[in-house]
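One structure is given below, encoded as structure tokens.
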Amino acid sequence: MEQRNANSRASPRNNAHRGVVVLGRSRCIDNGGRTVSNVATTTSTAPGQPVWTGTVSDEEQSKAPWIVGVALVLGCFLWMGPYMGVNVVLLPAKTAELAGDSKAAVVAALSTSAMIVAAIANILFGALSDLTRSRWGRRTPWIVCGSVLAAASMMLVNVATNVAMLIVTWCVYQCFLNAIIAPLIAVLADRTAPKFRGAITSMYALGYSVGIYTGQMIGARFLTNVTLGFIVLSVLTLLSGPIAAVLMREPSSLAMPKKSFDSKVFVEHFTFPVKGCRDYYLALFGKFLIVAAKFAISGFQLYILMDYMNQTKEGAAGYVTIMSMCMMVTAIVMTIISGPIADKIGSRKLPVIVSSLLVAVGSIIPFFSNDPHMMIAYALVAGTGMGAYNSVDQALNVDVLPNKETAAKDLGILNLANTGGQVLGPVLAAALIQSIGYHALFPLAAVCSLIGAVLIVFIKSVK
């Protein structure tokens with residue numbers, strides 16, 4: 001029994017796919033008659049009554065959506081790499097040029113304002129993409145427009161002539177950058193069946209990890225020509241959305257029912273979830289504590305080496321380089337293997353719990369000695385844990401979403417755990433260092449990670 005979607009009848013030229021109902025399920029057939037897999041589908045419970053579903057089940061997806069995975073790798077790398085190159089290298093250089101001796105205070109203002117804007121924008125653009133009906137799908141318009149506007153605003157940062165303009169343009173860039181991030185990560189929920197989610201999440205995490213380290217390397221190459229660096233990184237940002245969109249070929253979302261913007265829609269799409277969300281909040285606070293554990297140490301690693309381990313500035317720099325290499329290698333290796341392993345054993349919780357325990361074990365190592373080699377041991381053990389964690393955690397997040405139709409918004413709220421952990425970790429660490437000393441920092445990080453692991457244990461809806 002074959003039946004066209006309502007949107008296909010209305011405008012066949014604007015829809016590349018037509019719905020085909022088979023025994024109560026739906027698949028998508030392109031204009032050439034080939035089955036198109038790996039897409040969110042439109043199903044029908046009765047003839048003439050198409051029902052939109054924005055996800056894909058294990059039964060509907062027989063093969064892993066590797067092309068979607070490649071789109072996520074490149075899409076993520078092309079926003080993360082430029083972001084890290086600017087944030088870690090070029091923005092501090094620009095700040096020093098404009099602020100002089102006040103650069104530390106300006107950096108703090110940039111970080112605080114950017115964090116607030118990014119948190120709000122991530123949730124807002126996620127919610128808007130959840131509601132978007134277009135021939136290009138829900139996510140693609142935002143990803144592409146976000147890339148264009150983020151690239152343009154990055155160039156505005158480059159031409160800032162005073163501190164106020166620098167802060168404003170940096171916040172504008174953060175806003176549009178999150179128009180890429182929120183819809184892109186929601187593609188995991190839309191286009192990937194649960195049985196393949198670990199592997200595809202690993203691909204996203206690979207783009208994320210490689211972008212972190214290569215972005216800084218690219219930025220460092222342009223320290224003597226900051227303007228050229230901004231231009232190069234802007235072009236890379238510009239490519240992020242279009243490349244991801246072309247590869248993932250998101251189907252039309254015109255079959256999605258129209259919603260009048262009333263109080264019910266506002267509560268559903270623009271507020272924190274309140275129904276069936278116990279596991280969702282366990283995952284959120286677990287992530288929050290594990291991220292805080294990581295940043296409690298990584299945010300002070302230079303000072304730990306110099307003040308706690310009595311290294312010179314040059315010696316500390318050498319150890320930081322070695323630690324960075326260790327964490328990069330372990331992160332990339334664990335990113336590649338952890339997701340497929342999670343799919344193979346059919347578990348999300350176990351890899352996340354084990355990786356959290358590794359972070360805890362690595363964090364406590366420097367407590368027992370102020371030998372700088374202890375920080376290398378920390379980098380190897382905790383780096384292995386964080387690599388595995390980043391690879392599987394996002395799949396766990398998708399699995400505990402209370403409503404798949406608000407996936408981008410709810411994933412944006414979960415991302416607050418990342419932002420909050422990056423802030424809370426260094427704040428708690430600074431308080432302990434001031435009141436007790438550096439040696440208290442390591443048990444703090446270990447305990448945070450352990451509590452995070454315990455919260456994940458209590459999740460019931462996911463194995």
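Backbone N, Cα and C define each Cβ position, glycine as well.
Going by TrEMBL, these are the annotated features:
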- 35-46: compositional bias 'Low complexity' (COMPBIAS)
- 279-463: domain 'Major facilitator superfamily (MFS) profile' (DOMAIN)
- 34-55: region 'Disordered' (REGION)
- 66-84: transmembrane segment (TRANSMEM)
- 104-128: transmembrane segment (TRANSMEM)
- 140-161: transmembrane segment (TRANSMEM)
- 167-189: transmembrane segment (TRANSMEM)
- 201-220: transmembrane segment (TRANSMEM)
- 226-248: transmembrane segment (TRANSMEM)
- 280-304: transmembrane segment (TRANSMEM)
- 316-338: transmembrane segment (TRANSMEM)
- 350-369: transmembrane segment (TRANSMEM)
- 375-392: transmembrane segment (TRANSMEM)
- 413-434: transmembrane segment (TRANSMEM)
- 440-459: transmembrane segment (TRANSMEM)
Considering only the recorded stretches 167-189, 201-220, 226-248, 413-434, 440-459, state which has the highest number of Cβ pairs under 8 Å to the transmembrane segment (66-84). 201-220
Six or more residues out from either end of the transmembrane segment (350-369), which same-chain residues have a Cβ under 8 Å from its Cβ atoms? 198, 286, 290, 293-294, 296-297, 304, 308, 334, 338, 341-342, 375, 377-389, 391-393, 396, 439, 442-443, 445-447, 449-450, 452-453, 456-457, 463
Ranking 140-161, 167-189, 280-304, 316-338, 440-459 by Cβ pairs under 8 Å to the transmembrane segment (413-434) puts first 280-304
Who are the long-range neighbours of the transmembrane segment (375-392) in its own chain, taking Cβ under 8 Å and residues 6 or more past its ends? 198, 201-202, 205, 208-209, 290, 294, 297, 301, 304-305, 309, 319, 322-324, 326-336, 338-339, 342, 348, 351-352, 354-363, 365-366
Counting Cβ pairs under 8 Å to the transmembrane segment (140-161), which of 167-189, 201-220, 316-338 comes out on top? 167-189
Would you call the transmembrane segment (316-338) and the transmembrane segment (440-459) in contact, using three or more Cβ pairs under 8 Å, pairs 6 or more apart in sequence? no
